[in-house]
Amino acid sequence: FDFCQAEGKKRPSENLGQVLFGERIEPSPYRFTFNKKETCKSVCTKTYDTTKPEDKQKLDFLKKSMLLNYQHHWIVDNMPVTWCYDVEDGQRFCNPGFPIGCYITEDGRPKDACVINSEFHEKDTFYIFNHVDIKIYYHVVENEALGARLVAAKLEPKSYKHTHPDNPDCSGVPMDISNKASGEVKIAYTYSVTFHEEKNIRWASRWDYILESMPHTHIQWFSIMNSLVIVLFLSGMVAMIMLRTLHKDIARYNQMDSTEDAQEEFGWKLVHGDIFRPPRKGMLLSVFLGSGTQILIMTFVTLFFACLGFLSPANRGALMTCAVVLWVLLGTPAGYVAARFYKSFGGEKWKTNVLLTSFLCPGIVFADFFIMNLILWGEGSSAAIPFGTLVAILALWFCISVPLTFIGAYFGFKKNAIEHPVRTNQIPRQIPEQSFYTKPLPGIIMGGILPFGCIFIQLFFILNSIWSHQMYYMFGFLFLVFIILVITCSEATILLCYFHLCAEDYHWQWRSFLTSGFTAVYFLIYAIHYFFSKLQITGTASTILYFGYTMIMVLIFFLFTG
């Protein structure tokens, strides 16, 4: 964008999480001195001559961004500068950004932010917010020597057509850019800043006013209740089956004295000689289980820290940094779990197993990420990750994660294989004709619905915070939902597993993984629905990016739920 640039200031450095999320912080030409009031101070003036092609291109870009409601995001002392305005039922909403400008349509309808001022009424015209009134609130520390601390920064975007850009007066008509304007367009950028003492806000709670104005806490309780009902219902079912049916079966088993009775077995007891037959593609299953364990522990620890308040929105990029570092360090459980299962499946190729555990799932994620980065780089986006960071991530993966996976696998293979309580028969049993709901596909499709029902309201807020720049701070709720999700996945799988074992189908290993793993497919469908209903994304590159990042999330979620 062609806004005023800051001269000769160094760019602040970002941490890993910010770089991965594409947050770049730039120095600003707006200069403040504490407690020094400025009124209508000029920053710079941009002149566009529409007869010159490069000037016209810059102006068109500016118009397009106003049409799409692009936002400025400014930071003062690590606090977002917010624009607070009244919404319905007397509430104030504080937006951590403010629009570049707004547009009045050809039939005189104001779009987005143009509703704030009745002076914006020219048809087919853009109004650019080229003046800001900034209010900075501070709180004087009791001990005078320490001085004061900033507790809030708010602004009001205004639009003025400055008649004398050299000594602006900040009054008069708004700065309009007609869509059909030709000739010279002059935009003078100015600002005013005032300082106000605010005794009631403590420095530690200075983010509260932004978070309080975010709606939706009551929906959260509703969603938690909804999830808890599902969990109670499932737990009841599982408990009933475990206690009544299994108890009855086992009691009947223990009473058998004569061998004639033992011939009349039924249901799940008929498959005892085949239940521990190694699954087809046991290598892949063990690798998925290893990576899934890694992601499960990573999510648990990250959310636990977030609940304690270490990863609040005030620590920019902390959440992503924490997740990546944990994921790298948790190579050992991944290698161990994959090795244990592979050995119990009777596998011999342990080297292949270790290599696949360390490279298959991380490799897919990295390849996807790399392709997304190439697209961003080709588009010249500031969110593209610099080459140095890519090398750093590869170094983390190859030099820390892979050796740790090898160590885990070494211990996993050294231990004895998991002992099976029954011998496996030589000849595989015939599987009888299955009814509709115990067939593999319908069972798997049904299994994903319940866990997805627990999380979809949270998903909406998480997708909003990733794609629509809303703050996400409800980690307590998220942790609760995470626990509920783990319980629901386990119980739904146990239930469906019991049903198809009763129908004498003993291929349970892959089915149990895919039953809850299918939740990820519902997540994908929801993400596609969100894309078409909530986001106004145009352009091929942006669409590819959205779906590229979504696929990474879906893969991680698949391994996690499975």
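Residue numbers in this text run from 1 along the chain shown.
Using the three backbone atoms N, Cα and C, a Cβ is placed for every residue, glycine included.
What TrEMBL records for 221-243, 284-311, 317-342, 354-377, 383-413, 444-467, 473-501, 513-532, 544-561 is transmembrane segment.
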Region pair the transmembrane segment (544-561) / the transmembrane segment (354-377), three or more CB pairs under 8 Å: yes
Surrounding residues of the transmembrane segment (354-377) on its own chain - C-beta under 8 Å, 6+ positions past either end: 22, 283-284, 286-288, 290-291, 331, 334-335, 338-339, 383-385, 390, 393-394, 397, 401-402, 405-406, 409, 541, 544-545, 548-549, 551-552, 555-556, 559
Which of 221-243, 317-342, 473-501, 513-532 contacts the transmembrane segment (383-413) most, counting Cβ pairs under 8 Å: 317-342
The transmembrane segment (221-243) and the transmembrane segment (473-501) contact flag, 3+ Cβ pairs under 8 angstroms: yes
Outside the transmembrane segment (473-501), six or more residues from its ends: residues with CB under 8 Å to it: 211, 214, 217, 220, 223-224, 227-228, 230-231, 234-235, 237-238, 241, 267-268, 271, 275, 296, 299-300, 303-304, 306-307, 311-313, 434, 437-438, 443, 446-447, 450-451, 454-455, 458, 461-462, 508, 511-512, 515-516, 519, 561
